[in-house]
Structures are given as C-alpha cells and as structure tokens.
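Annotation source TrEMBL lists transmembrane segment at A:20-36, A:42-67, A:88-112, A:124-147, A:159-181, A:226-248.
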C-alpha cells in the first residue's frame, strides 16, 4: 500500500493540477493579506473560501483522478496485490497531495506575514486542520462515487450534485425545517443537523472560534454546553474523524466486491 | 454649589479653633473606634493605627477625619453595618473593612452615608461585604480610589458595590469594583460624575442607572459582567470613552439602554459582547466615534427608538452589525465605517459609491427562530442575504448608510 501511495503521491505532485491548486491558494493568501492588512479578518474570509472550495475541489479532483488512472488501476489489479491496498493507496495519495497544496499554499504567505507573532495562529491552524479534514472526507466521497459509477459523465454529475447538496441545499432545507418547527424545542435537532453534514460541522468548528459571542446569545442549555465548553470542539472533531472513516470503509468494501 | 460647600467648611473650621488629634490602637488609652468618636470634638482627626478592630454599627455623628495607617482592619464579624455616617463633612480614609453582615430585610453596608453633605470616602478596601459604599440622600460627596472585592454568587443574597440613592452631585473616581451584584448603582441621583472606574466580574450589572438624570460617565471599563451595563429611565446622560468588554450570555449586553432620551454616547469601545448596545424606547441619542469590535450584534434596536443618529462609528467584524425588529426606521446612519461593506469608491473621496445596508435578512430570521444562529456564515445564508440586499422586502428599505467610509475612522 505504501508503494502505491508513494507512486500516486509523486505522480500527483508532478502533475499540473496540483501546481495550479497550490498557486491558487498562494495567490489567495497573498491577495487577502495584501488587501486586508489584518490577519484576523483574512482568516474570516479564508474560512468562507475553504468551506466552499475545498470540498468542491476535493470531489472533482478525486473523481477525475480515479477515472484518469483507471487503466493503471486495472494493470495493478492483475498483480498479486490486495485490492484494499491499491485503492487506499490511491485515495491517500490524492488526499495528501491536495492537503499539502492547501497547507503550503496558505501557510507560506501567512508565515511570511508574521503569523507566529500574531494571536491569530490558533484560528489559522484550526482553519488548516478543518481544511485537511474536508479534503480527506470529500476525496473519499468522490472515490465512492467513482467506484459506483463506471460512466464518467454520470460520475462527475453525481460529484457536483453531492457538493451542491452538502454546501448549499442542505442548509436551505435545514433552515426551512428549523423555521417550520419553530414551536418545538429545536436545540438538539439543530446540533444533530449540523453533525450530519461535514461542511456544516467544519463551519461550526470555526464559528466556535470566531463568533462565540454571537452564538452565546441563544438561550438553551444544550447550546450553552456545546459552545461554551471544549465539549463542542471535542465532539466536532470526533464527528469529523467518523466522517473520514465511514467513506473509507465503503471504499474498501466496494472495491473488494467490484468487477473490473 | 461646590463653592458654597467650601465656604461653609471654611466657616466651620474657623469656628472650631482647636482641632485635636486622637489616636486609636490596641494598646492606647483609646482602643476602639466607637470610643474615639465619642471622645472626639467636631473636626478632630482620628488616626487608626494598624491592627484588627472588631466593631460594627460605628456611628459617625460629627464632622471628623477618620484616617487609617497602613490599612487597619475593621472587622464587622458579619453582625451588621460597619460605618454609618450621619454628619456633614466627614472624611474616611485608608481603612480595610471586612465581614459586613448579610440580611434579607435590611441593606447592611460597609459604609453608609445618610442625609449628609461634603463627605470624602477614599482609599478604602472592602472585602466580604454585602453592600459596599451606600450613599443615601447625601449630596456633594467624593468617592475616590476605593477597592471593593465581593464574593457574590447569586443575585438575591448579594448587594451592590457603590450604591447611590437620592444622592446628587457625587464624584466617583478611580474605584475598582469586583464580584458584587451591581458594581455601581445609581437611583434618583442627578449630576454625578463617574470617571476612571473599573467594574468587572459582577453578578448582574457593571453599572446600573435608574431615574438618574444629567450624569456623566467617562473613561470607565466594564468587563465580563453578568449582564453588562444597564442605563434605564434617564435623560441627558453623557457617556464618553468607556470600554465595554466581554459581556457574554443570553441576556448580556455591553450596554442596555431603556427609555433613555437626549443623551450622548461618544468615543466608547464595545468589544466582544454578545450584544454591543441593546436599545429600547430611546430617543434623540447621538452615537459618534464609537468602536464596535467583534460583537455578536453591534447594535440591536428593539423598538420605539426615534431620531437617533449614528455617525462616524467603526463597525468592525461583528457577526451582525444592526438588528431591527420592525420595518419602520426613523434613525439616521451616516458616515460610518463598516468592515462588511463590499462597495467601491471610484472617485477616491473616501466615501463608498453605493450605500450600505447594515440590516441583513438573516438577522430577522435569527430574531424569529433563534436556533438558526447555527447556520451563521453558511453559503446559503449569504445567498439569501444577497438577494435581500438587491431588493429589500423584510428589512426597512430606507435604513442605509449613504456615505459609508472606505477607511477606518480615527479621531
């Protein structure tokens, strides 16, 4: 598995797309800092970007990589190798190279701007951690989609649909249901609703840092316990880890059964 | 009136020619404060040497200067009130008063001034108290450099740090009040000056105003209080250069304004409060040169607020800038700096070319269903906010800042 991981990783590192992705984040970081002249405001703007863009790129890139390297995968499958190690290796290769582009692309301009001396460093590292988690989650979801669909067009369609669903439509439905059931106690429902969507989950995680004063404005013991203590942070991280593990398990399961 | 006070003092001083000096210590002939006060003549000075004096219900009924050396401890043994001043022109200086009795029927204070004038209370340290300094129908006094540290946990069995009741022309400066119910409380007290105080970690309000007119408070810091600062049912209040910080909670405000009219709020800083200013039924107030930094809601307008003007303020990184609960707007927002402003300035005159709408649709939704706060900064919310911005339906369409600044305002 490690060999395949290494191969995928270096293959991707040499590819044009990771450079584009890396350059994009580098540019974003530099421009944001140049325009804002303020680290903490730049972190807020970055949060908006990361929460929307990282899942999109993770999904598209994951699907693309799977379809592009299909022939090579078939070649590997003819070798005496474990199927799970082939697919896991590829998955980790993609996810890690994407995360590396993200971390380096954003990290370099911020470090040069004086991140280590500023107090935004915790917010920023939280941002990078959630960004990495999102990359791992959405690449895994993308591999799932690609494994289930041999048709490229269909696969891409589903991938974009998945992103649209989790990034925007989910929140719309969530909001409507909260307003619709406003006569009932909703704090448990709203927290569970957040847990079920990795994008919402990472958003809440960052909100805990940035908008804590607004979040504490709501009356509710569960909210208070969740947002007021480190309980929220711990639960959010556990959920994010579960969100990585579940799709990866499905990759292993699916790849074992699949006919090539 | 202050001049009158000085003149009257001078006359009194002239009348009593032999101002004596009395010392109190555990080994002296006079070993208690009560004894010293009984033996003293008008305008004598009583010096209290270091030591512990277990006394309560000390009544000061003549003009005296009571001065502590190296903070002698006056221990009330939780039995009741410690000092009660019922005479004009009393000075109390440099004492350490602890263990004031708690009562559910009477407001025991560490030091109470009753129906008196021209008193000076300074350099006191109060600990383990019920009420701290209680001014009752007393005028023209000064309360300087006191440190009040309570241990209040619940509202019902704790008292206020500095309480004014029907007391006018009082100066309260450089005091530090911590962990009591209300740090500084004013009721029916006019023409007072509250300056350079720090009021922090109190159970209820850092500063509480009721029915007190023409007062000024400036350069104070109110931090991490249960409900921030409440200013209610008063007019002609001046609030300058105060700092309101980290008042977090569901019913917590940097400042709560209720039925305040004709006042000025200038140069204050509101930082990281759940609600910066909560305004209810307040009219003709000028808000100028205030900084609203990282609050949940910078300003929440509840209703019945007319002809207020908000000019040249900085709104920096608040989750919500302004929240309104009605469609009617009679308040003016002009020339403010909004960090959330996304317009442009083509002619480079420092004023954005398109107006800024500080009220978002989402703040309405949160007002209606508070749980939706969990969707803060979601992309879906950005989309509906944007559509509301393009064509306002729910938010007051005349509520806009026509001259949003493009750079942070300095003054």
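Placement of Cβ uses the backbone N, Cα and C atoms for every residue, glycine included.
Where the annotation comes from TrEMBL, it is an automatic prediction and has not been curated.
As a quick check, the transmembrane segment (A:20-36) and the transmembrane segment (A:159-181) miss the bar of 3 or more Cβ pairs under 8 A, pairs 6 or more apart, so the two do not touch. The highest tally of CB pairs under 8 A with the transmembrane segment (A:159-181), across A:42-67, A:88-112, A:124-147, is held by A:42-67. The transmembrane segment (A:124-147) shares the most Cβ pairs under 8 Å with A:42-67, out of the stretches A:42-67, A:88-112, A:226-248.
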